[in-house]
Amino acid sequence: MRKSNPLLSPTNKFELGLQPTLAWTAILSFAFISAVFSLAGLGKILNLLFPGMALGVGIFLYFRYPILYLGFTWWLWFLTPFVRRLSDYRSSYTDPSPILLAPFLVTLVSSITFWKSLPKVASQGGLPYIFSVAAIGYGFFVGLIYRPPVTVCLALLDWLAPLLFGFHLFTNWRNYPSYRQNIQRIFLWGVLVMGIYGVVQFLIAPEWDKYWLVQAEFSSGGKPEPLQLNVWSTMASNRPFSTVMMAGLLLLLVNPNKGTLGIPSTAAGYLSFLLAKKRTTWGSWFLGLFILTGSLKSNTQIRLLVTILVTVLCVVPLTTLEPFSTILSSRFESLSNIEEDNSAAARQEAYSLALNDALNSFLGSGIGGPSFDSGILSILLDLGWLGTIFYLSGILLLLFSLFQWSAIRTDKFASAARSIVFATFVQLPLGLPHIGEQGMILWGFLSLGMAAQKYSQFQRDSQKQFFLPVETYDIDYEK
């Protein structure tokens, strides 16, 4: 019988989960040093030490323990903004903060995979990635003409890091079973940790969060008072947080290894997801759920409906309790009163001012330009029609391939990945789901879906070859 990997089981004992020792020594040493420097008020030193240590650990894990590299990368995206806030609170506010470079640097380690695979990328089915990379490269060089190099380079990290990480997952499709189990475990714990902290953040408004909210002038985060925050938990703002939670909550529905963590993860995850108060991602979750349900086999659909019923029984009673009930009720009511929604009106005004420029932008002004709360406008203004066609063609070709794959019904995780990708992509008119943390969700799960497709095809081809007549094999017995 095949032995299970202790790293991939969410319900194993603590000591089994910390193997291999060398890898976990590096990870825990990094976490311990970061915590000590943050609490000791040595934030100025940590500003440089944190990204440097993270990059060192990331390179080590990439070459020696590739599965742990994935987990380390995802957790950096989940927790680095929290480390930044705690560090700034104990020392002084730093903007821009070098600490926030850590997840980008570690993610870019996966560019090694892209470089190694470049000569054969077209034959492996990776041409859509080349289209999108070429578009980003075009936007980068155009941006250098119009904008400061530092601004353009920082924007390049936002655009390129998620794509290269996705390509890394796609290229290593042979590891898909391990990736699938590992990603489910990462997001199970991620939803639990970020969900619990999100609820705590809403109830008590920790001092470091209030300090950062005031210093950063982050108006979308709400008021720096208990019960007045729009939850963003351990992340940088409520939009990327709610997108990550949307993905994690959809994964929970198909995770067969939730164990005892299932109920607390579900309760805390959905409550914090609602407290983020992002209506776009609420709608995206419903769309993702609809696609997920329709893409499964009938017997699996029944089990999923039972899981959804249990989820409703866990979450609805919590939303009826004060102080959650009043806050959430007012937000739900705004869904039917868009005309009186100030944020929607401001967004429409900004769109109308930028729309004409975007539609007439053939060459674009390069990445790193003014930010609009619309991916479509931002892509058109930054890349122009020329770059936009190539960039979106890459995404749409991969997405079309996923929806053409009929055998996906047999793989619940792949079905969930596809629903997550579509639910994220449809946010493009009202957000920026293609870059940064949200880009990690889009490109990460898009590539996991493609890896699942290639792995499934490989299995089918292997089975066909296995059942061929013996005389069809050309066997060299001397080797």
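Every residue gets a Cβ built from N, Cα and C, even glycine.
Here's what TrEMBL has on this protein:
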TRANSMEM  22-42  transmembrane segment
TRANSMEM  54-77  transmembrane segment
TRANSMEM  97-115  transmembrane segment
TRANSMEM  127-146  transmembrane segment
TRANSMEM  152-174  transmembrane segment
TRANSMEM  186-204  transmembrane segment
TRANSMEM  302-321  transmembrane segment
TRANSMEM  383-403  transmembrane segment
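Of the candidate ranges 97-115, 127-146, 383-403, 97-115 contributes the most Cβ pairs within a distance under 8 Å of the transmembrane segment (54-77). Note: the stretches the transmembrane segment (152-174) and the transmembrane segment (22-42) are not in contact (fewer than 3 CB pairs below 8 A, sequence gap of 6 or more). Here the transmembrane segment (383-403) touches the transmembrane segment (127-146). Their Cβ atoms form 3 or more pairs under 8 Å, with each pair 6 or more residues apart.
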